[in-house]
Structures are given as C-alpha cells and as structure tokens.
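Before any comments, here is the structure.
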Amino acid sequence: ALKGLQFVTAKVGNDGWAAVEKRFNHLQVDGMLLRSRFGKCIGMEGSDEFAMQMFDSLARKRGMVKQVLTKEELKDFWEQLSDQGFDNRLQTFFDMVDKNADGRITSEEVKEIIALSASANKLSKIKERADEYTALIMEELDPNNLGYIELEDLEALLLQSPSEAVARSTTTHSSKLSKALSMKLAPSNDTSPLRRHWQEFLYFVEENWKRIWVMTLWISICIALFIWKFIQYRNRAVFHIMGYCVATAKGAAETLKFNMALVLLPVCRNTITWIRSKTKIGAVVPFNDNINFHKVIAAGVAVGVALHAGAHLTCDFPLLLHASDAKYEPMKPFFGDKRPPNYWWFVKGTAGWTGIVMVVLMSIAFVLAQPWFRRNKLKDTNPLKKMTGFNAFWFTHHLFAIVYALLIVHGTSLYLTKEWYKKSTWMYIAYPVFLYSCERIVRLFRSHDAVKIQKVAVYPGHVLALYMSKPTGFRYRSGQYIFINCRAVSPYEWHPFSITSAPGDNYLSVHIRTRGDWTSRLRTVFSEACRPPAEGESGLLRADLSRGITDSNARFPKLLIDGPYGAPAQDYREYDVLLLIGLGIGATPLISIVKDVLNHIQPGGSVGGAEPGSTGKAKKRQFMTKRAYFYWVTREEGSFEWFRGVMNEVAEKDKDQVIELHNHCSSVYQEGDARSALIVMLQELQHAKKGVDILSGTSVKTHFARPNWRSVFKRVAVNHENQRVGVFYCGEPVLVPQLRQLSADFTHKTNTKFEFHKENF
C-alpha cells in the first residue's frame, strides 16, 4: 500500500519543485496558472482530465472556486501531492472521488472515477463496463447496501493481503532473489582503460565469432581476388598506357563477379532452411543473418561497380584515346589497327552499353531497396511517394534477371581478353544462378494449389487471424514462417508471416497486422465474409466454415502459401530454458513455441519427447526445453484477444506451471501511480472473485507498464543456475540493444548462459 497511490512518480514530478516552478513561469498568464495547464505544469502530461480532477479536489478542500492558481497556491498543492505519507495520499485520492465533499463515495462517484481512470490509461473496454465494475466495488466495500463507502472502506481495500499467487511466488523466490543481489552484476570498477577495453573486445568476439569468421573470410577472398587480378594486369602491356586505372578496374571486376555470384546464396531460402534443419552447419554459420549478409554483399557489389565503372569511364578510355602511336601499337590486337576515334566508340560498344544499362538497373534496385523507400516512409506531399513501397522494391529487384543476362554478355565482350577460357564471368555465376532458378521453380510448383480456409477472425488492433488446412506433407517447426499470396488482392505480391499454430496442430494459422496497403486490402476482402461474434466469442468479426457460419454464406478468396522457411526462433528446442519476449504482433512466432512446449508437456509436469511427425533418425532428437517464460508487451488492451485461446489452454493444461506467462499492457501507468490505482483494485477484485483478468479476459493477470528487463533476467538466472537460456525476441528493434546487452552481462557475470536471438521483424 505504501507503494501505491503515488501522485509523484519516477515519471511525474520527480524533478522537484524547482522544475515545477520553472514550468509555471513558462505557462503562467499574468502570474496565474490556468486549470487546463495544471497537469502539464506538475509534469503529468497526457492525463489532462485526470489532472483537472486533482485540481478540483485540491481546490475543493481549500474552499477555492476559481479556475486559476498563483505560484504560492500551486506550491501548496504541490506539497500535498508530493507528501509521501500514505494517509495523506489516500485522503487526496478519496477527495478526488468524493466530489460533493460529504465524506462518502456513492456508486455514481465510483463510476465516474472508474471512467476517468480508464480514460487516463486508454482502456476503453473498462470504461464501457463501468457499471459492472462499480457494482463489483460496491459489493465488496458496501456489504450492507448503504449506498456509499467511506474512507476506512477504501483503505481496507488498499491494505488487503496480496493475492495468493503473488504471495506464493514471493515466498518461493525470496531467498534466491536475495542471493542474486550479491552477484557481480554491477559494472566493473576497473580503472585501467586498456584492461576494460580488452575485456569488452573479448566479450564482443565471444558473442559474434560466427559473424566475424564469415566476414573475415569474405573480405579476405575479395582482397585476394582484387590483388591477383591487379598484379596480373600490372604485368601486361596495357599497363603502360592505362596505368593503375586498368589494374584497379580489372581487380574490382574480379570481386564483382564473385559477389554477383555470392549475393544469390543468402536468398536461397529453401536451401538455407534445409541446411539449418538437417545439418549441424548452423553451429558455425550464422544463418539467422542471411538477409544482413545479402545486404553486405550488395554493398560490396556497389563498391565494385563504382571502382570498375569509374576507372573505365573516367580514366582508362581517355588515356587510350590520348596515347601516342608508339604506345598504342601493342593495343592493336585488342582495339583494332585504327585507334578508336572518340569516347562514344567505347560507350556504344557491347561491353560499354551493357555495362551502363547494368549500372542504371542496379542503381534503381539498390535505391528502392533502402528501408526509407521500401517501407514507403516518404511524406504524402512528396511526388516520389507513388513510386516507392513494397511493390516498387519487389519489381525492381526482379530487374536483376536482366542484369545477370547482361552480365554474361558483358563478360564475353571484353576488349582485353580474347581467349574463351579466360572469360570467367559465366563460371562464377553459373551454379548460383542455377540454384536460385531451381529455388524459384520449386516455389512456383509448391505454391500452385490453394489452401482451404477453415476459420477467420478479425481482432482489435487491426489484426486478421487466418486458420487454414495443413497441406499434405507440410511439415514445419515452431518459429518458422510462410509466404502468403492472395490473388484477389494482388496476383504478384508474396508476403512473409510467422506461423502461430504448433507442429502438432491439425491446422495452419497466421496472425496478420494491417500495416500497409496489401495487408489492409487483405483484411477487407476477408471481413466481407465474416459476421459479428456470438456471445462468448472474441474478436470483432468471425467466420467458421467448418460450422457453416459466414455472412450470407460468402466465399473466402483463395490463398496460396509457400514455405515453411527457417527463422531464428526455430532453434528453441536446443535450450534448457526459454525466455520468449514479444512486442505487439511480434508475439506471433513465440506463440507457436508456447503451444509446442505445451504439446510436449507430459503427465507429471515433465517436458520431453521427439518432434511431432519425426521419423527415423529424427526421432532421436529429444525436446530439451524444460521451462519457458513468455513476456508479451502490448500497448492496446484489445491485443490480448489475439491469443486468448492459447492463454486459456496453457492455464488449463499446464498444471505444474512449466510455462510462465506474463502479459504487460504498456498503456496503463505503472503500478503505484495514482492514475492506475483503481485499475489495480479492480483487477485484484475481479481475479479474486471470478479468476479472470479484467484486461486479458483470461486467468493470466496482466502487469501494468513495461517490464524491468534487468529484474526479469536476474530472476531467470537465479532460478536456472548452470543452464543454457535461449532468449528469443521478436518486435520493434528499439529493444534489441538492451536485451542483447543484458544477455551478455548475465552470461559473463553469472553461471547461467544467455544466448540472444533476434527475429527479423
């Protein structure tokens, strides 16, 4: 209780009176602070209505009726709000609710403060059910049906014992948590900068050694190829005319051929999925970084193009045109007895025009692949906005089919190389192009038949859930993803989505958040076949063909799928303990993992068994995971409807709490803040009486505000000493640096090893 009802918190007014006074001086009008600016002045931004109610209660207590404050009056208000005494805070809160100042709170006043608290915390559903929750509070605090509650009743509610679950958790872990305080988690006090930097370097190498050796090998090969070709042309007669320009151009060309071949391999998804699923190569090769490596190679191609084309166009050709007759003599076998008449002669030649066209096409594809253009982040007023977006990225990337054709023509039309066996461009790219072509053919045939849609649900937060029949022979692992195509939306676009069903389920499901044109249109076409949910069903709209329930028996559009493809989260089975962290719709691949762990729970609470559907040698691969922690952070209360069924299933089947679920609603102010105090009371009452959380609608209690990630890691480290913990994160990249750093810190300073994996989001 002493931690609750805080009007001054870490984020409100913690900067003290001096800062409040400074804001007063900025906001005042003729020495007066308006009531509407009170919240901003004390640092309570974003809760103007709540702040004005505070203003009214404080003014009412002092018999003030005016709507403005002097600086002295503001200081008096501030001193009461910042008073850390519990009785004072309780009285202040009571006065906010007791609008007629008669010392009694009626049900109507309770309803008003519930609506006010719900609005301040952006909880529209609680506001809609204010009557129900008012009755709940009055039933608890007014058992004699007097029609009102008093200060002592409110105090009793705040001072009640913690819930049984919390008490049990606290008792169980108290000794271990105290031990965690003695661990060496604080930053090192080593004053030697050299020793500190060396330790940081060792940590970096330990965490990134896979990336380091791959990048070192790639850079070494590029340098070796450049030097080899550079020296080769350094010793040819052409060097005496074109000098280091031609040596640089040819060295860059050799690296270009290598990189143009290599850039295709990271996007051969079927091959990579097969290798990481069927072999142990993933132990030394960072397949999770395949797209990042693709981008790095593309950057290498850009550097090679700049050096090769730049040296030829600005240096080689002008030097040859201006060479003396004596110097030109050795060049006659390559350029003819008659010297090229002008610069245009080089450009219009086969090698010239193919090179220029390739540069133009590659430049267009490279620019439109940048996140700023691919995700269409340009302003609406920008005339280039219509030329950007995913479609522009997708179609321009397929221009590389033309680029590779021109590359072969370009490589066979060299001026300075006449022997066919020395024209090695086709030798570099033959196998990668063949492999990539096979990949596309496999995708074409595999995605030919449409899947059967079984069920559709449209949820709050612009989320569409699709439940499909599982194609014959379709096997996948939790954490993997598929590509989806809907001809009714766009015949050419394929978009990736994480699979939310578990391998043991007899259906295939995805949850899609509408964040762009394609997903918005997809939601629209499926919504047309849905109807409002029946009593007890979640979502805004639903359709279930297995029950014949649609809107006028409307038909669903056809869906094609391609996959499954490997992703970082699929390696979860290799860890003793899982720490799954999802932000918003980023929970999708992690939900599949939760369901798979649930399916492997055996009588007695143990977890084990082989992979579902595995045969032969695969049966020997045991399910190693023994414990899972799932943290889901979302801004909107409606988001909990997306996976309500999974939450209920875990609560029903996981009797021994192998899976620990933690839902966090970040729109609600942290526990202890006066703005969320009543929400906390309601949650405790609802859960105690009905066993259901007021936000999630499940037995899983929702926490308010974002988790303290350091405390989360500390708790896992204490509970699982000498074990490997797989940390899997999917969500916005803003949290990645913190989670990666915490994984490293706890790995190096405790005897629990945390391995961080980031899902490409």
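Placed from the backbone N, Cα and C atoms, the Cβ positions cover glycine too.
The structure displayed is predicted, hence computed values, not measured ones.
If you look up TrEMBL, you'll see 85-120 marked as domain 'EF-hand'. Taken from TrEMBL, the feature transmembrane segment covers 212-231, 296-323, 343-369, 390-413. Residues or ranges marked as domain 'FAD-binding FR-type' by TrEMBL: 443-571.
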Distant-in-sequence neighbours of the domain 'EF-hand' (85-120), which means Cβ under 8 A and at least six residues beyond its ends: 1-2, 4-7, 47, 49-50, 53-54, 56-58, 60-61, 126-127, 130-131, 133-135, 137-138, 147-151, 154-155, 158, 669, 674-679, 682
Counts by DSSP class (helix H/G/I, strand E/B, coil) across the domain 'FAD-binding FR-type' (443-571): 22 helix, 46 strand, 61 coil
Positions on the same chain near the transmembrane segment (296-323), where near means CB under 8 A and six or more residues out: 215, 218, 222, 241-243, 245-246, 248-249, 251-253, 255-256, 259-260, 262-263, 266, 331, 335, 339-340, 342-343, 346, 355, 359, 362, 366, 369
Tally of residues which DSSP labels helix, strand or coil - the domain 'EF-hand' (85-120): 26 helix, 2 strand, 8 coil
